[in-house]
Each structure stands twice: as structure tokens, then as C-alpha cells.
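One structure is given here, and the rest of the page talks about it.
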Amino acid sequence: MRRIGMLTSGGDCQALNATMRGVAKVLYNQIPDVEILGFKEGYKGLISSDYRKMKPEDFSGILTIGGTILGSSRQPFKKMRVIEEDGLDKVAAMKETYKKLDLECLIVLGGNGSQKTANLLSEEGLHIISLPKTIDNDIWGTDMTFGFQSAVDIATQAIDCIHTTASSHGRVFIVEIMGHKVGWLTLHAGIASGADVILIPEIPYRMEFILDALKRRQKSGKHFSILAVAEGAVSAEDMLLSRKERKKRRDMMGFPSVSYEIGHEIEKATGQEVRITVPGHTQRGGAPDAYDRFISSRLGAKAGQMVVAKEYGRMAAFDGFKIISVPLKEAAGRLKCVDPEDDTIKEAKAMGICFGDE
Ligand code: F6P
């Protein structure tokens, strides 16, 4: 009997089930005596030994279903080694569960924080195979994460819907896009939806350039404008402050997020009506799109093949269109940011999209 553990950790996204299905199909097809144990709510289930024995039927019919059949939770990496009031040694507990259940390896589907914990467990001697999950697309070592494409679709649709109202009313609309510390989602959805201004954390903005871009549109007879603003967008002035200081300053001014501050500045400077839309967690919800189903099936299948080959301590990844695996210790803890010099940015600027830096 080869017993394999599986868990989904951190914020959910659209293709978690599709990815697990890919893994399971390979395992059931290629290992005659395999048993899969699914841990509930991510590392929480591994810590408390809360799991269920999965059957092949559990992985059937889930290709198109969002969320995760195992449940998920955020267990911050920085607290993994901290013994809190309950006196629980979380790392020891996870190792104990793994040993007690006689697992051959553990498959972790997770984002950046979860990859760090996966690497920690790998360094503690557990056999780990990980899969890059996140709508943010910010995991180092892979050109693409699953969840990203579906979120791009939703953010794009949100901006598309705003477009018609912005045009009817001649208003400025700001759509705030998720992405945490990086701008992949905003960049892709912004270009796909024809946003006039795209603001991402990797390119600090100056209000004067945004206002110039809005003026240029007015002058050319376009009485509405759409700004796609990443939740982590930051002004050149605010770059001098720490994240905490930035938040404190914004809180004091009564702005719930960067978009509200930018909106206020635009109204003050132009007198134009500004509206803010925050699609929020809708970007992580619903069914995975076709492309996400395709790439998550490939990533899942790769992880399954890695189990068969006993290729541990590694993360399945995309190198262009090729599936590879990279060492977990290299991928974990490194953020993949948008390169401001990337051709995508140059092409967008050539089309007249303002990034707030010129
Ligand atoms: O990492 C995915 C993500 O959706 C980020 O884009 C966002 O900043 C964060 O998670 C939101 O986290 P939560 O669901 O815990 O509010």
C-alpha cells in the first residue's frame, strides 16, 4: 500500500479541485495499491490529524467546480514555529501525523506562504510535492499558477461591465483588482478590458501623470476613463514609507484602500465624478475557465507523475508551455513580480495605456 496525503492551503481559487483530480487520476491509474488521504482545511488538518480516506469517486465530477472539496485555511508561515497559548508545537504535530499515518509523501496545493511551510516540512525530512496555486500568479519558479487565468477572466468581465456605465455617464471609474503585493492580475485584466490607466505595485505612480492621461482623453473627446488599480498599487511618495506606515496614513485620511485615495485626488483635481468598484473575492470564485482547467490538469498530472517517480522536495511548474519541476527550496519564499521593463508593459504603453510613471 502506498499512502499519499493531500491538502489545499491558503486562500482558495478556481482550479483547486481540477488540480487534485489531475493528481488523483494519475495515482489511481498508475499505482495499483494507492490510497489518498485528504486533510481537511489545509495544514490545520495535518496539525490535528483531521483527514478522510478519499475514494476515486471523490475526484469525479469536480473538474468544473470552484473552491476545494477538502476545505482550506490560512495558517501563517511565520507562526508555524511559534508555540502559542495552547502550547501546541505545530511542526512536531504535522510530523507526527505524517509518521503515524505512514504517509509516503504529502502533496500540497498552495500559494506563497503555503510553499514556505511545504519547504519547512521538506527540510524536516517529509517527502513533499507541491503545486503552485494562486490568483496572484506570484510564485517564483513557475510562469503560471492555477487560478490566475480564471481570476483574469472575472476581473476582465467586471471592467467590461463598468465600461458601458462609464461611457453612458461620462464618469471616471476605478476598478480595484486583487493581487496582494504584485500586479499580474491587474496588468492582464487591464489590458484585456482596455483600461486607460493601469496601476501596479511594481510601477509606483505619480498623480500628475494620471491626471495628464485623463486630460488627454477628455481632449480627444473621450469623456469617460477606466483605471484598473491593483490593491497593492503605491505612489512614488508612499514608496518611502513602510507598508504599516502607508496603511496608517490612509486609515487616518479615511480611505479604505488605495483606489479611494486616487479617486479623491481625481475628483479634487478635475471635478469629474469618480466611482470605485471592488470585485473583491468574486475574483477567486466560481468555476475555473477552460484554460485553467487545462493547465491545472497538466500540473496535477505532473505531480502524480512525480509521486510515481518519487521526485520529492519539488514543485510542479510551468516553463513557458513546458511542464517541469523546480526545487521547493528555490521556489519557496521568493516573490515573482512583474518586471517594469517587460515587453508587455512596453506594448501597453505603446498603445497609450498610462502606468502612472510618465
Ligand atoms: O492571495 C490571494 C488573495 O486573493 C489576494 O489577491 C488577496 O490580497 C488576498 O488573497 C485576500 O485574502 P483573504 O481571502 O484572506 O481576505
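Here the Cβ of each residue, glycine as well, is placed from N, Cα and C on the backbone.
Over in TrEMBL, the protein carries these features:
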| type | residues | note |
| --- | --- | --- |
| DOMAIN | 3-306 | domain 'Phosphofructokinase' |
| BINDING | Gly11, Arg74, Gln75, Gly111, Asn112, Gly113, Ser114 | ATP binding site |
| BINDING | Asn112 | Mg(2+) binding site |
| SITE | Gly113 | site 'Important for substrate specificity' |
| BINDING | Thr134, Ile135, Asp136, Arg171, Met178, Gly179, His180, Glu231, Arg275, His281, Thr282, Gln283, Arg284 | substrate binding site |
| ACT_SITE | Asp136 | active site, proton acceptor |
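Asn112 (ATP binding site) has its Cα within 10 Å of the Cα of none of the binding-site residues Met178, His180, Arg284. Taking the mean position of the Cβ atoms of Gly11, Arg74, Gln75, Gly111, Asn112, Gly113, Ser114 as the ATP site, the remaining residues of that chain whose Cβ falls within 8 Å of it are Ser9, Gly10, Gly42, Pro76, Phe77, Gly110, Thr117.
Close contacts with ligand 1, defined as a Cβ under 6 Å from any of its atoms, occur at Thr134, Met178 among the binding-site residues Thr134, Met178, Arg275. Confidence for the domain 'Phosphofructokinase' (3-306), expressed as mean pLDDT, is 97.
Taking the Cα atom of each, Met178 (substrate binding site) and Gly11 (ATP binding site) are about 12 angstrom apart. Long-range Cβ contacts of Gly111 (ATP binding site) within its own chain (separation 6+, distance under 8 Å): Ser9, Gly10, Gly11, Pro132, Lys133, Thr134, Asp136, Asp138, Ile139, Thr145.
Summarising the ATP site geometry, the residues cited as binding it (Gly11, Arg74, Gln75, Gly111, Asn112, Gly113, Ser114) extend over a maximum Cα to Cα distance of 12 Å. Around Arg284 (substrate binding site), the same-chain residues at least 6 positions away in sequence with a Cβ under 8 Å from its Cβ are Gly11, Asp12, Cys13, Gln14, Ile135, Gly147, Ala151, Met178. Taking only the Cα positions, the spacing between Gln75 (ATP binding site) and Thr282 (substrate binding site) is 22 angstrom. If you measure from the Cα atom of Arg74 (ATP binding site) to that of Thr282 (substrate binding site), you get 18 Å. Asn112 (ATP binding site) has a Cβ environment of 25 other Cβ atoms inside 10 Å.
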